[in-house]
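S.K.: One structure is given below, represented as C-alpha cells, and several questions about it will come after.
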Amino acid sequence: MVDSNYKNTKVYFRFLPSIESNWDDFRILEDRKTLYVRCLQDFEKGREHLEPSYWKFCTDGLLYNNSQEEIFNEITSDLLLDKIFEGNNAIILSYGQTGSGKSITTSGLDNAYEDRGFVPRLIEAIYQRKEAVRSSYQVSVHITCVETNRKYVMDLQGDGMLHDMNSMKNIKAYRAHTCDEALQMIFRAEARKTVRSKITYNSHMANSAITFTIYAKSFATNDTTVGKLHVVDLSGADTAGNVSCLHKNGFEIGTGNLAKTQLEQFILILNEKNTEKILVKQRLCIIINYLKDSLNAHSVLRFIGHIRSERNDTMVSLSMLRFGQLVRGLTPQKLHPKVFKDQETKLKVVEAELVILKKELELNSMLTNVDMTTNLSHQRFQFIERLAEDYLKDKSGEIILLNTTDAVLAMKVFKNYYNRLESEKNFLAEQIKTLEDGNSSRLRDSSISSKQSKRNSIKHSNNSSVSLVRSKKGSSKKKVNRESKDISSIIEESVRNGPRSSKLSVSKSAKRRGSRRKSGDSVSPIKSDLFNLAESEAAVQSQNLLPIEIAPQYESAWNLFVESSSDYKILKDECDSADTQLEEIVENYNREAERVQEIVGILQLRRDELYRAQLLKDLEKKEEIPALSDLEIKCANNVNREEQNLVLQKELLLKLQAELKLAIDARNRAKEDLSQQFQKYCKNKYAVPVPELGNDEAEDQTEKSLRSVDVAIAQTDDVDQKVEPCTTKESLRFIELKKMMRKERKKLVRDSAKNKMWIRSCKLQLETQ
C-alpha cells in the first residue's frame with residue numbers, strides 16, 4: 001500500500017552566498033519554506049516613496065548557509081533510496097541562473113571532499129544500501145553519463161559519439177561492481193564535459209545527466225525490481241549581457257534558456273494529462289526525450305532551484321521561482337514500481353489463486369445446501385469427527401454445521417461411537433463374568449480343605465491360634481515402622497557423613513535384610529522400592545558433596561588472586577607496557593594532527609596569494625593569450641610546495657593511525673588475558689567464573705588501572721573527528737580521482753586546441769591556393 005502522506009514532487013531553492021545580497025528584497029520566514037520577493041514595479045522611477053509590495057512563494061525548503069551534507073540529508077531524508085530500490089523512478093534536477101552553484105550542488109567534484117555534491121554522496125549511499133540488503137537481494141548498479149545540447153546527446157563514458165533521438169538507444173549503461181568503480185566513471189565523465197574555465201570555478205556550457213539504474217532481485221520470490229535515478233544539471237538560464245554570463249556566447253545562453261522553457265511547457269502538459277501532446281513535447285526536447293517516462297507525476301521528482309539575492313538579478317530569480325511554483329503544482333499520482341516476475345513465480349501465483357477460487361466455490365455450494373458428499377475430502381471427515389468427539393467429551397457446548405451433508409456425517413460419527421462403546425461394554429461384561437466364576441471355584445476348594453483340617457484339630461487350639469494371630473499382626477506393624485525409620489535414618493546419615501558413612505549404612509541394612517529373609521520374614525515390594533530409592537539418593541548426594549570454599553566478594557577475590565597467582569605479575573606487566581606504548585602513540589598522533597591543520601592553513605594563504613596574482617594579471621592584460629607573470633609563477637610554486645608537504649604529512653598521520661589501532665588491539669588483548677586468568681582462578685577455587693560484586697566500589701577499583709587509557713582513546717577519537725576530512729581513506733581516494741579528472745581535462749583542452757590550429761592552417765592553405 002502506498003503511503004498517502006508521501007509527496008512525489010518537491011521543490012527546493014538554494015541561495016548563492018554573496019556580499020552584495022539585498023535581504024530587503026528577499027525575505028525568508030522562520031519556517032524556512034516561505035519566501036517574499038519585492039515586486040519589480042517598486043523599482044520604477046517615482047515609486048521610491050511608496051510602501052514596498054511583495055510576491056509570496058511557498059516551497060518545500062529554502063537552503064541558505066547550509067552545508068552540502070545538510071542539503072543532501074534534507075532532500076533524501078524522505079526515503080528516496082527506498083523508493084528507488086522498490087522499482088520506482090526518481091529525478092533530482094538542478095536548475096538556475098548562470099554561476100549560481102548548480103554544478104556545486106549536483107556534483108561538486110572540483111571541491112574538497114567534505115564539500116562534495118549529490119552524485120558522490122548518492123554513490124556512497126547506494127553501495128551502503130547494497131551491502132545492507134545483500135542477504136535478501138542480488139543488487140547490480142549500472143551508470144550512464146550523457147551531455148546534451150539542442151539536438152544531440154553525447155555519451156561521456158563511451159566513444160564520445162553524438163547521438164540523435166533515433167540513435168539514443170545505442171547509449172550504453174556500464175555496470176559498476178564497487179563504489180570505487182562508480183566514482184571513477186563519474187570523474188572520467190566530468191572531465192569530458194564542455195566547460196569554460198573561469199577564475200574561481202568551471203562553468204558548464206551544456207545540459208548533463210547521470211543515470212543510476214538499480215536492479216534488485218529477491219532471493220525469496222525471484223522477482224526483479226528496476227529503478228532509475230536521474231541526476232540532471234541544466235545549463236544556466238540567463239539574460240544576454242548580464243555580468244554572470246559574459247563568458248558565454250549567444251548560442252550557449254540560448255541553449256540554457258530553451259531547455260528551461262521546454263521544461264515549463266512540458267510540466268503544463270503533464271497537468272493536462274494529454275497523452276498525444278506529451279509525446280509531441282518529448283520529441284521536441286532532447287533532454288526530455290532522454291528522461292522519457294521518468295519525468296511524470298508517477299515518479300519521485302526533486303527540483304532544486306538556484307537563485308541570487310542581488311537586486312540586479314531579481315528578474316531572473318523571479319523566473320526561477322515561478323518555474324518552481326509550476327512544478328510544485330503538479331498533481332501527485334500513485335507510484336508505479338517496475339517489477340519483473342519470474343515465470344515459475346507467476347505459475348505459483350496462478351496455482352495459489354486457483355486453490356483460493358476452488359475453496360470459494362466449495363463454500364458457496366455449502367451455503368446453498370447442495371449435497372457434496374462425493375466432493376468432500378478426507379480432511380473434512382476428520383474435522384467433523386474431531387468436532388463430535390469434543391462435543392461428547394464436554395470440551396465444546398455446540399457443533400457448528402454448515403449444511404445437511406455435515407449433519408449426515410455428524411450422525412454417522414455418533415453412530416460409530418455408540419457401536420464402539422457397546423462392543424467395549426459387552427467385552428468388559430464377559431471379562432467380569434469369567435473372573436467371578438474363577439473366584440467362586442477357588443473359594444469352594446478352600447472351604448472344603450478348611451473343614452477337613454478343623455475336624456483333625458483340638459478344641460483348645462482355637463484360643464491359642466487367635467492370640468498368635470493378634471501377636472503377628474502387632475509385630476508386623478512394628479516391623480514396618482522400624483524399617484521406615486531405618487530408611488529415613490539411612491538418608492540422613494548419608495547426607496551428614498558423606499560417602500564413607502553412606503556405604504557403611506547401606507551395607508548394614510543389606511545384612512539385616514538378608515538375615516530377616518533367612519529367618520522367614522517376607523519383605524513387601526513397596527518397602528524394597530523405598531529402600532532402593534533411598535540408596536540411590538544417598539549415593540548421588542555423596543558424589544555431589546565436594547569440599548568447596550564459599551566465594552567471597554569481588555574485591556576480596558581479586559586481592560587473593562593478586563597475592564596467590566603467579567601469572568598475575570606477568571599479565572600486569574604486559575598491560576602496563578601496552579598502556580605506556582598507547583599513550584606515546586596518542587601523543588605523537590595529536591602532535592602530527594595539529595601539524596596537518598597548520599599546513600592546511602598555510603596552503604589556503606598561498607592559494608589566496610595566487611588568486612590575487614591572477615586578478616592583477618587580468619587587470620593588466622593586453623594580449624589575447626597572456627603569459628604567466630613572475631608573481632604568478634612564484635605563487636604557483638609556493639602552492640605546489642605546500643601541497644606536497646600536506647600529502648607527506650597525511651601519509652605520516654595515516655601511518656600513526658595504523659600504529660594506534662595496533663596499540664589499542666594489544667592493550668585490549670592484554671586486558672582480556674588478565675580477565676580470563678582471573679575467571680579461571682575463581683572457577684577452580686570457588687566453582688564460579690567470577691564472584692558477585694559486593695558493591696559498586698569494587699567495580700570501580702577493578703577499572704582504575706585502565707581508566708587513563710580509556711581517556712586517551714576518547715581524546716584520540718576527538719582528534720580523528722578533527723582531521724577526518726584530510727586523513728580518511730575515502731578523502732585521499734577522492735583527491736586522487738580529482739587529480740586524474742583534471743589531468744584528463746587538460747589533455748582534452750590541448751587536443752581541442754591542436755584541432756583548431758590544424759583547421760585554421762587548412763583554411764589558410766586553401767585561401768592562398
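Backbone N, Cα and C atoms are what each Cβ position is placed from, and that goes for glycine too.
TrEMBL labels come from automatic prediction, so no person has curated them.
As the structure is a computational prediction, the values presented were derived from the model and not from experiment.
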S.K.: Among 61-99, 139-177, 295-333, 568-606, indicate the range for which TrEMBL gives the feature coiled coil.
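M.R.: Of the candidate stretches, TrEMBL labels 568-606 as coiled coil.
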S.K.: If you check TrEMBL, which stretch out of 219-253, 359-393, 639-673, 709-743 is marked coiled coil?
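M.R.: Going through 219-253, 359-393, 639-673, 709-743 one by one, TrEMBL gives coiled coil for 639-673.
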S.K.: Over the coiled coil (568-606), work out the mean pLDDT and round it to an integer.
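M.R.: It averages 84.
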S.K.: Measure from the Cβ of Gly101 (ATP binding site) and count the other Cβ atoms within 10 Å, all protein chains considered.
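M.R.: 21, counting other Cβ atoms within 10 Å of Gly101 (ATP binding site).
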S.K.: Would you mind listing, in sequence order, the residues at least six apart from Gly99 (ATP binding site) in the same chain with a Cβ closer than 8 Å to its Cβ?
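M.R.: Non-local contacts for Gly99 (ATP binding site): Leu16, Tyr201, Ser203, Gly236, Ser244, Cys245.
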